[in-house]
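What follows is a single structure, written as structure tokens, with notes after it.
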Amino acid sequence: MVGRRLLVLFGSQTGTAQDTAERIGREAKRRHFQCRVEALDSYDVANLISEPLVVFVCATTGQGDPPDNMKMFWRFLFRKNLPSGSLCQLDYAVLGLGDSSYPKGSSSWAWRDGAALLQPQCPTCRPDAVVDPWLLALWDKILALYPLPPGLEIISPDVRLPPKYTLHYLAEDSPHPDSGLLQPTAPRAVPSELHPFAARMVSNQRVTAESHFQDVRLIEFDVTGSGITFSAGDVVMIQPQNCPEDVQQFCQLLRLDPDRRFLLKPAEPGTSLPALLPQPCTIRHLVTHYLDISCVPRRSFFELLSYFSTNELEREKLQEFSSAQGQEELYSYCNRPRRTTLEALWDFPHTTCAIPPEYLLDLIPRIRPRAFSIASSLLAHPDRIQILMAVVRYKTRLNKPRRGLCSTWLASLNPEQGDVRVPLWVKKGGMKFPADPDTPVIMIGPGTGVAPFRAAVQERVAQGHRGNCLFFGCRQKSKDFYCQAEWDELVTKGFLTLFTAFSRDQEEKVYVQHRIRENRKLVWELLSSGSARVYLAGKAKQMPAAGAEALQSVLQLEGGLSPSEAEEHLAALERSQRFQSETWS
């Protein structure tokens with residue numbers, strides 16, 4: 001068994017790659033492999049030379065970029081001084097997962113050295129159709145290289161695997177731990193995901209008219225004493241929590257005492273405990289701060305749930321949802337209406353009340369942090385971070401409106417009613433603004449896409465930079481023209497050239513791409529000067545294509561380029577970082 005070791009490393013931004021990696025880990029255990037599943041950023045890459053067999057599962061993010069927790073690994077792997085044969089003993093497989101909603105979402109990974117088993121790509125938001133047959137072929141190849149020891153059989157899918165952790169309830173009269181995840185004291189190190197800073201919320205201001213359909217907030221946090229620094233284009237990561245009503249419902253459904261305290265212990269040696277969970281911990285704290293009961297459940301959720309079912313009808317449905325043949329129906333049940341994990345548990349009441357508590361961390365993923373473009377500059381607002389946040393709320397065929405976990409939670413906080421703390425840290429963003437004061441910038445940011453440009457304008461104005469050109473779009477000037485007074489003042493002082501598109505203020509809809517075409521002479525003048533930089537931010541399904549097409553039309557109409565030349569010119573600007581974009585789904 002010593003040689004039958006498998007390491008599964010995942011690079012994941014939203015959890016898709018992690019879910020697939022954990023599935024591979026479960027299938028490996030059924031084949032009697034000693035298997036570890038780790039995030040790429042938590043694995044010591046220097047140990048890779050001693051691994052016999054590795055499966056890499058990676059998902060693209062943003063503009064087809066590697067996920068954040070893969071970037072350090074990626075840089076190490078492509079160091080020029082890495083010996084060319086350093087990984088020649090490694091057997092590995094690569095599974096790339098992409099998202100077709102992004103312009104460059106389909107995965108494309110290059111790997112050096114080693115003996116690749118398979119290198120598929122899955123350019124779709126629903127990867128099961130590719131992953132299922134890929135895994136069958138993968139196990140055929142792995143078992144050919146690492147056959148089962150004599151006398152051992154593959155553990156049947158009908159057999160439930162043990163949980164990752166065992167849960168030990170404490171007596172009610174045992175000493176209580178310090179309450180709360182967050183302490184309003186400064187951390188010893190620079191804040192990070194494992195050590196967030198408990199920032200005080202200073203203000204929570206609605207910046208859309210009360211009559212407007214969308215609630216957008218300008219929220220300010222005090223980060224005094226945190227050691228946090230950032231530049232325009234950086235993002236703040238916020239760790240949200242579940243609302244008390246959902247936590248109460250969850251505990252009632254599973255017949256759990258929210259005040260019961262427990263200790264977690266790994267079921268196998270070498271398994272690390274979940275980060276940020278105190279020991280001991282209460283059920284209420286676990287559900288409030290850790291279990292993502294509002295996420296849309298994945299196939300693996302129904303697969304594990306089926307093992308607990310004592311009701312024949314419920315078990316049959318759960319098994320269908322977890323089968324390869326049932327994925328279309330599962331998509332219709334879960335993804336299309338955006339049904340939450342908590343709602344799915346309501347639909348399987350006999351099974352839900354039979355869930356063993358020690359399987360909760362296998363069944364439900366952790367709450368992931370949310371990223372927000374920082375909408376302010378430290379030069380303009382020292383020791384402060386501001387975000388421009390749309391409160392996510394929309395209807396599906398389900399009766400209850402869908403609500404974004406983080407935005408709903410943040411919107412509910414009122415700093416005027418007491419000390420409100422939010423766990424956060426800052427990460428480098430994808431957009432970099434020029435340090436040279438003579439470099440003009442063209443910023444295209446409709447809606448909340450204007451957030452990073454507000455930070456950039458504040459920073460550049462504080463440094464005396466005047467070449468700031470902003471294209472901003474919203475629905476109506478009177479209802480969702482964010483920061484209007486601030487923009488108007490900068491225009492008056494000569495720091496900003498502003499072009500606005502209010503799509504619903506006239507009969508024909510007008511968007512920022514129309515304003516770009518209307519002002520093509522200015523845009524071409526700046527672009528042809530050889531130094532101007534263009535930045536675009538907005539929703540992935542709307543903005544990138546429309547903005548890029550408008551810029552290409554400028555290159556054609558004013559620069560005299562052919563359509564193919566304009567496309568290549570824009571691509572060249574992107575390669576040289578003179579055209580940068582940030583999109584989200």
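Each Cβ is built from the backbone N, Cα and C atoms, and glycine gets one as well.
Among the features that TrEMBL reports, domain 'Flavodoxin-like' is placed at 6-202. Taken from TrEMBL, the feature FMN binding site covers S12, Q13, T14, G15, T16, A17, A59, T60, T61, G62. Among the features that TrEMBL reports, domain 'FAD-binding FR-type' is placed at 194-434. Under the heading FAD binding site, TrEMBL lists R338, R370, A371, F372, S373, G404, L405, C406, S407, W584. Residues annotated as NADP(+) binding site in TrEMBL: T448, S503, R504, K509, V510, Y511, V512, Q513.
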What's the CA-CA gap between T448 (NADP(+) binding site) and T16 (FMN binding site) in angstrom, rounded?
26
Y511 (NADP(+) binding site) has how many other Cβ neighbours within 10 Å of its own Cβ?
18
Take the C-alpha atoms of Q513 (NADP(+) binding site) and S373 (FAD binding site) and report the distance between them in angstrom, rounded.
22
Which has the fewest other CB atoms in a 10 Å radius around its CB: A371, L405, the listed binding-site residues?
A371
Predicted model, mean pLDDT over the domain 'Flavodoxin-like' (6-202):
78
Among T16, V510, Y511, which are recorded as binding-site residues, the nearest neighbour of R338 (FAD binding site) by Cα:
T16
Counting other Cβ atoms within 10 Å of each Cβ, which of the binding-site residues A59, V510, V512 scores lowest?
V510
What count of other C-beta atoms do you get within 10 angstroms of the C-beta of S12 (FMN binding site), across all chains shown?
23
Could you work out which of the binding-site residues (S373, Q513) has its C-beta surrounded by the smallest number of other C-beta atoms within 10 A?
Q513
Using Cα coordinates, what distance in whole Å links T14 (FMN binding site) and Y511 (NADP(+) binding site)?
30
Sort the binding-site residues T16, S503, R504, K509, V512 by C-alpha distance from S407 (FAD binding site) and give me just the closest.
T16
Determine the Cβ neighbour count for S503 (NADP(+) binding site): the number of other Cβ atoms within 10 Å of its Cβ.
16
Counting distance between Cα atoms, which of the binding-site residues R504, K509, V510, V512 is nearest T16 (FMN binding site)?
V512
For K509 (NADP(+) binding site), which residues in the same chain are close in space, meaning a Cβ under 8 Å from its Cβ, but six or more apart along the sequence?
S503
